[in-house]
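Q: Right, I'll just put the structure down here and ask away after.
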Amino acid sequence: MDIIEDLKWRGSIKQTTDESGLANLLKHKKISLYVGVDPTAKSIHIGNLIPLTILKRFQNAGHRPVIVVGGGTGMIGDPSGKASERKLLPKDVFDENVSRITKQMTRLFGKDGFEIVNNYDWLSKLDLISFLRDYGKLFSINVMLKRDVVASRLQAGISFTEFTYQILQAIDFYTLFKEKAVQLQVGGADQYGNISSGVELIHKLVGPDTEAFGLTVPLLLKSDGTKFGKSAGGAIWLDPEFLSPYEFYQFFYNQTDADVVKLLKIFTFLNREEIEELADKVKNEPEKREAQRRLAEEVTKFVHGQTAVEEAGKISRILFNGDVENLTASQVAVAFSGVPTIEVADQKTDVVELLVKDKVIEKSRRQAREDLKNGAITINGEKISNVNGVIDPTEKFDGRFIIIRRGKKKYFLAKVQ
């Protein structure tokens, strides 16, 4: 199966500017291709990972990926998918974001076999007169107004700055084609108009038969119709500073049976036979969650590395078995970062007072005593039934945490101050 057919089987293609032309090109040569990354945040998120995964598939097949960090276009603001004008960030903020995202890309693609460039390097040198003479004359206002990204904003209003964004992105593609022989741009579903502008610019400046193509990925929806890529805590970031590898792992492990096979196709590098085998397990042995475990392992390995997979798996097994006393302090900090949390003093404390602190765990002393007597309270892995018991916060986890469980699954964390 060639790479285009594989991407179609995986459901990873929304549109192409010329599918047959692209397929024919790929049969005869290895190409360079690119994805643009917007540095308006310190980290990319799981939605950005879909086109990057396509780039990785091309890299694995011997093609050469190029990542364009939008240090220039990001300062202008992409109107795609936005209902209102973006707030422009200071250049020093962009510079920091560009640096962080560059490191994230290196983790995904390795140190060799790909290239990262910043479009600020060429866009910043483009003066207004050259912009208007060399490029502006090649773009029809009528066509630009019909692009979805512009048409959807005409009612609410769009600035000239954002209106010209598609020209700047087109200049990116032309520059990369001319200087680095890039022949394919990959982007999100909302980027099709911008990508088409780039292909058209190359055809006008180089020739109508020039082999330059665009490919977009679909908007990924869950089986319930909601947009994939959000959790209760917000975006699923790829930077471990904003979302721990364990939480990242858990996000994928917690996907439903209805969604997991689709996600295996889009986000993993497992082959068709392996995915179909996992699909059979979802159908015949869903309680084992083998497909979810494999999905979590594969995507976490791609983003954070094998060591992170092993650590996440270890924490998951310990929590599943209820053996929290075997966790290290650093593992506790990661595994319980999202549970209800209280702060306690660095001194021995009455167990009932601990349970009613800030009314987070128990609402009353009566309820706390009742749960203790009924064996419903576990502290640091040990069941506590003595209503007069005393807890020493220095005994476990380097004196930093106390883990409280009420019932079978409800966890709380006390941070020792």
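Including glycine, each Cβ sits where the backbone N, Cα and C put it.
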Q: Taking 17-21, 77-81, 222-226, 227-231 as the choices, which stretch does Swiss-Prot tie to motif ''KMSKS' region'?
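A: Swiss-Prot lists motif ''KMSKS' region' for residues 227-231.
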Q: Six or more residues out from either end of the motif ''HIGH' region' (39-48), which same-chain residues have a Cβ under 8 Å from its Cβ atoms?
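A: Long-range Cβ neighbours of the motif ''HIGH' region' (39-48): 69-71, 74, 77, 86, 89, 94, 96-98, 100-101, 104, 188, 220, 228-229, 235-239, 241-242, 251.
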Q: Mean pLDDT for the motif ''HIGH' region' (39-48), as a whole number?
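A: Across the motif ''HIGH' region' (39-48), the average pLDDT comes out at 89.
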Q: Max CA to CA distance in Å over the L-tyrosine-binding set Tyr34, Tyr165, Gln169?
A: 18
Q: Report the member of Tyr34, Tyr165 (the binding-site residues) whose C-beta atom has the most other C-beta atoms within 10 angstroms.
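A: Buried the deepest by this measure is Tyr34.
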Q: Let me know the DSSP-derived helix, strand or coil state of Tyr34 (L-tyrosine binding site), please.
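A: Tyr34 (L-tyrosine binding site) sits in a strand per DSSP.
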Q: DSSP on the motif ''HIGH' region' (39-48): how many residues come out helix, how many strand, how many coil?
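A: The breakdown for the motif ''HIGH' region' (39-48) reads 3 helix, 1 strand, 6 coil.
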